[in-house]
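In what follows, a structure is listed as structure tokens, so that the remarks can point back to it.
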Amino acid sequence: MTDRLTIRRPDDWHVHLRDGAMLAHVAPYTARQFARAIVMPNLSPPVTTAEEGRAYRDRITAAVPADLDFTPLIVAYLTDATDADEIARGHAEGVFTAAKLYPAHATTGSAHGVTDVANIMGVLERMQDIGMPLLIHGEVTDHDVDIFDREAVFIERTLEPLVRALPGLKIVFEHITTAEAAQFVADAPANVAATITPQHLHINRNAMLVGGIRPHAYCLPVAKREHHRLAVRAAATSGSPKFFLGTDSAPHAVHMKEASCGCAGIFNAPFALESYAMAFDQDGALANFEGFASEHGPRFYGLPLNEGTVTLERAEITVPDRIGDVVPFHAGETIGWRLV
């Protein structure tokens, strides 16, 4: 049995750091665990220009303690009106690492998102030409589609045609939650990859709904049936370079979660590596953890691997019920790994 696990410094390829007071509260947790993070642009207003991206990067850097070596990677928020030249300029200037496709109204802060992918094909063609990755929240928003089916329907209606139309575009199918998504990514060409969150390794939809409404287990995409959780977990722990770490850590204050219309999002940053390690350990796949956490992501993005290492050790720690005004993932639970 492995009691200590040392891996190359990992990265988080999908995180919400928010802004203002919440940014100051949560950014240090991500920066302690990860060397780099792809930071989501769904602020109010969203990050759509290079100037806005540069300013947000500066605010993140100011929120991270000076003794932590952390690089925020900024993402452009795509809208129906996005200008391809602006996206290309931000990428060329080193401001934008990638661009994010939110289907309009799919999740928190997506009201300005894209109503039809056809509206941004010119932008996507330019991104293909310059090697800029597209990050996708892969759910349809049609009212006639059941919320548990939105990811699978998105693959059929939007993602499959997009991959065919733009075979050179790097695409990250973010926070996958279904067997269909895991299979699609596994079978897709090398330019298609996926991120996987810790919560979708550990919980199914019962966590939200059994014994009462559990708002702190509510995120988008929602957790699905158990067979989907098992398929996503098998993909994560498989060693395939197509799957890598993206926490989708998404903090909301308690009163925004525990409400008649509560917000979607799970704050997992404080114990993210421990949570992932627990899943890999349970599945006898610790040998594949470094690839998932530290290697597959940068290789897909074409970025250098991090120098240095982090060490996790087998130790029981109890996750606090609250961290400030936010309830963390695994609140009140004992987990079996600790970041040294």
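Every residue number used here counts from 1 along the chain in the order it is shown.
Backbone N, Cα and C atoms are what each Cβ position is placed from, and that goes for glycine too.
The Zn(2+) 1 binding site annotation in Swiss-Prot covers HIS14, HIS16, LYS100, ASP248 and is backed by sequence analysis. Neighbours of HIS14 (Zn(2+) 1 binding site), defined as other CB atoms within 10 A of its CB across all chains, total 26. Secondary structure from DSSP puts HIS14 (Zn(2+) 1 binding site) in a beta strand.
ALA264 (substrate binding site) counts 15 other C-beta atoms within 10 Å of its own C-beta, drawing on all protein chains shown. The substrate binding site annotation in Swiss-Prot covers HIS16, LEU17, ARG18, ASN42, HIS137, LEU220, HIS252, ALA264.
Swiss-Prot lists LYS100, HIS137, HIS175 with the feature Zn(2+) 2 binding site. LYS100 (Zn(2+) 1 binding site) counts 26 other C-beta atoms within 10 Å of its own C-beta, drawing on all protein chains shown.
DSSP assigns LYS100 (Zn(2+) 1 binding site) to a strand segment in the three-state reduction. Annotated N6-carboxylysine per Swiss-Prot: LYS100, in sequence order, evidence recorded as sequence analysis.
Feature annotation from Swiss-Prot assigns active site to ASP248; the stated evidence is sequence analysis. For ASP248 (Zn(2+) 1 binding site), the same-chain residues lying six or more positions away in sequence with a CB closer than 8 A to its CB are HIS14, VAL15, HIS16, GLU174, HIS175, THR195, THR197, GLN199, CYS219, GLY265, ILE266, ASN268.
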| For the recorded Zn(2+) 2 site formed by LYS100, HIS137, HIS175, which further same-chain residues have Cβ atoms within 8 Å of the site's Cβ center? | HIS14, MET40, LEU101, TYR102, THR107, LEU135, ILE136, GLY138, GLU174, ASP248
| query | On a count of neighbouring CB atoms within 10 A, which of the binding-site residues LEU17, LEU220 is highest? | reply | LEU17
| message | With an 8 Å cut-off on Cβ distance to the HIS14, HIS16, LYS100, ASP248 Cβ center, who else from the chain surrounds the Zn(2+) 1 site? | response | VAL15, ILE38, VAL39, MET40, ASN42, LEU135, GLU174, HIS175, GLY246, ALA250
| task | Looking only at C-alpha atoms, tell me how far LYS100 (Zn(2+) 1 binding site) is from LEU220 (substrate binding site), rounded to the nearest Å. | result | 15
| field | List of residues, in chain order, with Cβ under 8 A from that of HIS137 (substrate binding site) and at least 6 apart | value | LYS100, LEU101, TYR102, PRO103, ALA106, THR107, SER110, GLU174, HIS175, LEU220
